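Taken from TrEMBL, the feature transmembrane segment applies to 15-37, 49-73, 85-109, 121-140, 160-185, 197-219, 225-246.
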Amino acid sequence: MLSIFNIWGPVNSALFYLSLAVSLAGLGGNALLLWHLGLHIKKGPFNVYLLHLAAADFLFLSCQVGFSIAKMAAGYEDTLHFPVIFLWFAAGLWLLATFTVDCFLTYMLPSYCSPACRPRYTSVVVCLLIWALTMPAVLLPANACGLLYNGMSLLVCFKYHWISVVWLVVLTSMACVGSMILLICGNCCSLQPPPKFCKVAQCSGILLFFCRLPMVVYWCLRPVIAFLFPFFFPLATLLACIDSSAKPLLYYMKGRQLGKKEPLQVVLNRALGEESQSRLGGLSLPMSQV
């Protein structure tokens, strides 16, 4: 029995260094993505979400790298590691869920994009609200449950924790169900191929299901999982790092054309740039309507 528990140390170490390597690679990819989305691609109602999502992924990977280096230097893991990285993870999850639902509504209800239903700067306002609301949604239960430097209050922890669990389950369900419906309707039930932003939402939803879900499960059942499966958090962290690091590569694969060598800016613009006229039931999507 003891020999079984002795393997957790090497497994955790391997997962730790893999997470660090993936995070370093993902930082470069997300930095390029932020550069192109922020400065070289005209803002539309959907790539605004992708810009903020890239920022959330960049912050998540930066904190993961920072805490990993601090752990190697000090020899132990800082208490703030999990709540801090989960803060940016949750922001990215919320942004991804909102982006997926927005794509779903636009694809299924073309009238949703009319100026009367979608005022100008809608996407920007929604993203800013997400950033503002994510901090209390994560830090309040983390503080009550002793994940920060304060002690734990059992009753307050129970109340805040289950509110956060319901919130995360709703977000994950929105993203997974929305991307699944887009995948089915776009490939099986539609006579015309889905727009580019729908394809990005489909792939992001698949990545979320396989790579982000374990971190959500760990947040929801942390005391039980930490006791029974010591390797689960390092594995969930590695999968979350893969998700955050894979998006720039995913966008590049979506935008490139086989047999052509093109500048990165052209490929990303093809994958993430929005056409001034996107034919969704004959409805146009103005580029300035964000």
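Glycine too: its Cβ is placed from the backbone N, Cα and C atoms.
Values in this document were obtained by computation on a predicted structure and should not be read as measured data.
Contact between the transmembrane segment (15-37) and the transmembrane segment (225-246) holds: at least three of their C-beta pairs are under 8 Å, each pair 6 or more apart in sequence. Tertiary proximity for the transmembrane segment (121-140) is limited to same-chain residues at least six positions away from its ends with a CB under 8 Å from its CB atoms, namely 45-46, 48-49, 52, 83, 86-87, 90-91, 94-95, 98, 102, 148, 160, 164, 167, 289-290.
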